[in-house]
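Taken from TrEMBL as is:
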{"type": "TRANSMEM", "residues": "B:55-74", "note": "transmembrane segment"}
{"type": "DOMAIN", "residues": "B:101-327", "note": "domain 'Cytochrome c assembly protein'"}
{"type": "TRANSMEM", "residues": "B:106-123", "note": "transmembrane segment"}
{"type": "TRANSMEM", "residues": "B:135-156", "note": "transmembrane segment"}
{"type": "TRANSMEM", "residues": "B:208-227", "note": "transmembrane segment"}
{"type": "TRANSMEM", "residues": "B:281-297", "note": "transmembrane segment"}
{"type": "TRANSMEM", "residues": "B:309-329", "note": "transmembrane segment"}
{"type": "TRANSMEM", "residues": "B:341-363", "note": "transmembrane segment"}
{"type": "DOMAIN", "residues": "B:348-556", "note": "domain 'Cytochrome c-type biogenesis protein CcmF C-terminal'"}
{"type": "TRANSMEM", "residues": "B:383-401", "note": "transmembrane segment"}
{"type": "TRANSMEM", "residues": "B:471-493", "note": "transmembrane segment"}
{"type": "TRANSMEM", "residues": "B:499-524", "note": "transmembrane segment"}
{"type": "TRANSMEM", "residues": "B:536-554", "note": "transmembrane segment"}
{"type": "TRANSMEM", "residues": "B:799-823", "note": "transmembrane segment"}
Amino acid sequence: MKKTNIILLVVIAVAIGVIITMVGDFSTYETFATARQKEGKEFHVIGTLDTLQHMSYDPQKDANLFSFYVKDKTGETRRVVFYGAKPTDFEKAESIVLTGKMEGQEFHCNKILMKCPSKYKNDQVAVGNQTL
Amino acid sequence: MKFVGEHLLLGQLGHFFAVLAFVASMVASVSYYCAVVNKEESAKASWKKVGRWSFFIQSIAVLAIFCCLFYILYNHFFEYKYAWRNTSRDLPVQYLFSSLWSDQEGSFLLWSIWNSVLGIVLIRTSGKWETPVMTVISISQLMMSSMLLGIFILGYKVGSNPFMLLRQAEENQAAPIFQSAEYLSFIKDGNGLNLTLQNYWMVIHPPVLFLGFASTIVPFAFAFAGIWTRDYTGWTKPVLPWGLFAIAILGLGIMMGAAWAYESLNFGGYWAWDPVENASLVPWLCMVAGVHTCLAYKSTGHALKSTVFFFFISFITILYSTFLTRSGILGDSSVHSFTDLGMSGQLLIFMAVFTVPSIWIMIARRKEIPTVNKEESTYSREFWLFVGALVLLIAAIQITFTTSIPVWNKLLDITGLRNLLKIDQMAPPSDVMFHYNKIQIWLAIIVGILTALVQFMKYKDTPRRELTRKLLLPTAISLVATLAIIFAGGVHFTEYGAGFLAAIYFMLFASIYAVVGNFMYIFIGLKGKVKSAGASIAHVGFGMVLLGALLSSAKKEVISLDKMKMLSQDIFRKESKQNARENIMLPLGVPVEMGEYHATYVGDSSATGDAKVYFKVDYERKDKSGKIVEHFRLYPNAFVNTKENALTSNPSSRHYLDRDIFTYITATPPLKDKNAPADDSTKYVSHEVKPGDSIFFSKGFMILKDINTKVSNRNYEAKAGDLAVGADLEVFTQTDDHFKLQPVYLIRDSAYQYSIEDTLAPLALQVRFSKILPAENKVQIKVKEADSNSDYIIMKAIVFPYINVLWLGVIVMIVGTFIAIAYRVKLNKGGKTGAAKAKEPAKQKV
């Protein structure tokens, strides 16, 4: 067998291995209800801001704590806690993709992706509480 | 109805040129195709002539579309949707270019212009390859110009017309405003350009990136032409400079985008593994792999098939990335993809038109593509070039696989496999950076080490002793340098455990090795001949990019940590590490410790004609004895929309040779507080004092020194007959600063009493001398403090060490690649250099 062929086989094996380990990294889109069943694991939740309920951010007390209410696809509303500054234009977001996990009755998220009305074409904003 | 004030001619002209470009490129494609397949020489020649002329015509038409569109934007003709959507009257002229390519139509136009330029260069330079190569280019122009048509063919909307009128846009047709003939007089201003695009990088980054995109078609076209015309080997010579050009320009375009992200987006970095970034990186990796296997082929005859494959997938992945970013499919996973224009089908056709024939022809004629049956030696350069190319391929596959998650979801839905296999909706990994980094770092280590080693190998076979001898010094130097950096405490990155830290150490070595190895090779292998050292220089640059990326990410430090809050609440919680409190509040005028600096927010400022508000933040660094050794001011700025209280901020950085201090605003107090007419929520407090008495206020106290008839208050203008006295006050605060104030009390025209305030801005203090009380030998001083906490900023500050190594590396890499291009072009012009080149294998590696 030619060396090139052996190398190719090795490469294919590595590639398959890499892909399999990667799939394990993939997160899933959940609702609050399904995320609660698997408490402690991180998920993506898509929802809309519940504007009827209070949104709180008081930087004078804590610049890294922002909480609000989100209604997910099934209509369930949960309080969401984000350890970071309140993103700009947050009220205008049409829908929100949250990355985080359920902790009791609250959803703790570390990343918010907002989709704003198509006023601009680059109309999405991602905010993480950590510099990635 | 006749509408008043519209400039319809321009749009009609523009649309005419769009149609002309489409028709002309169709003629060019057919003619060039006929010129290739026709057997008769005279017919070939005349087809070629038609092809050339129609390509020229389409080039002119494309340029004309550009001019029409720019004219519309420049004159703010808001009857056109494109102008209304992307510009506003106050937009500075240079950003009109950003507006032009901020939408899909404009960016296709830009791409199309570059394709035309490249096509014309190819017509002039590619000789006998002109007809097959130009067939491919013309077809791509045909696809590209169809994107700008905006006409209905068989009920399907083809393309999107950039000259669409606002009143004709689908969403506007029913709007009452457009029922009025005078509607234009109501449209005073456009929507404006997205604020993050109002940045000089957005003026130059897209043209470079799209030139990079456009240039990847040339190696594709040559490879395709070679197989199509069954001249399986001849194309590898003219293709090399083009492949190098694509590497240089696409690489430059990507890194300019990174620079833009670094300077204007608040991701806190230059690279976030965002799908849009990934989508342009993958074709670059494929192109780099292709150029390297092509070199291996030219010297040894090995790896021709893989060269074809890499050049094919490089362009195919460009088309795939175009599909990903423009079809709206990335919606939930990317920060900056385009929204759906309803052209997904057309984009898929675009991709299929190039993918299907190229893959098919490669498979169908695989047996005809010449191969060498002799096995490569393990000590040969070609063997390791091939291995390196495969490693790049794995990198490309991994990146593509994860980036394509939305595509997998879609495919699972379409095929019905989701229900069959019960698979959930997949989402991108929650820690995206680590997901990519933990795999890519190992690949980067291999590539880095190969970059250093392979230069020293010869094609076919290398005497082992010679190899070890030459490698000894660079290896030793790199090892020593790596260990020195590690032991000097250079790199700590324990966040992801020891395994990843080990990977970082390996990568540190690999990137240093790449730099040192290639640098020394210029002298050991090439005897310092710069003209032929393009490859080595480019590799040094590549090593520097790896090194800079490693050091700046592994040693990146957020200095704006809110330690107080961390201690008080979070330290006992399990998320305390994860939820690092990276935003800090700076109240006006109060120094806050950040890393080795004290930062003080000293106010904001704005200028007329500039929509931005600049927040002034003073940084001070003190040595141990408390002496200020360094002082500088940063101006992180933000576009502040007062109406909606929205904020789009731009970072400001202090650049040092070895690090950047990167500062940006994450929030400001609601602005209405600030703009409200003299917030009189607080009241004046009266004090009756005599000289020598003190008056206390929240931040300190002041002493009435004297009542002075010499008035020096700058707000006071003396008039004849005035009877004026000033109260000399000295203000002391908790910090060692003290200030002087002199409010004034005066009697004018013997009747009217006035008092002229004095203010102390840093403490938000207003002091008024309101009365003289002769009976008690006292005066009345009124003091008002504005609510000091109402003015503050929330900001983030990050130190990026050694980021300049990265940027410098990019420049070195580009320069090196261009030296290599010049060298290749010269070799190709030299004609029968095939034999001569084989004798100089040292110069072959790029």
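A Cβ is built for glycine as well, from the same backbone N, Cα and C atoms used for every other residue.
Any TrEMBL annotation is an automated prediction that lacks curation.
Only sequence-distant pairs (6 or more apart) were considered; of these, at least three Cβ pairs between the transmembrane segment (B:309-329) and the transmembrane segment (B:383-401) are under 8 A, so the stretches are in contact. Among the stretches B:106-123, B:341-363, B:471-493, B:499-524, B:536-554, the one making the largest number of Cβ pairs under 8 Å with the transmembrane segment (B:208-227) is B:106-123. Here the transmembrane segment (B:55-74) has Cβ contacts under 8 Å with residues 7, 10-11, 13-14, 17-18, 20-21, 24-25, 28, 32, 80, 82-83, 86-87, 93, 96, 99-100, 106, 109-110, 112-113, 116-117, 119-120, 123, 134, 137-138, 141, 145, 148, 162-163 of the same chain, all six or more residues outside its ends. Taking pairs at least six residues apart, the transmembrane segment (B:471-493) and the transmembrane segment (B:106-123) share fewer than three Cβ pairs below 8 Å and do not count as touching. Between the transmembrane segment (B:499-524) and the listed ranges B:106-123, B:383-401, B:536-554, the one holding the most Cβ pairs under 8 Å is B:536-554.
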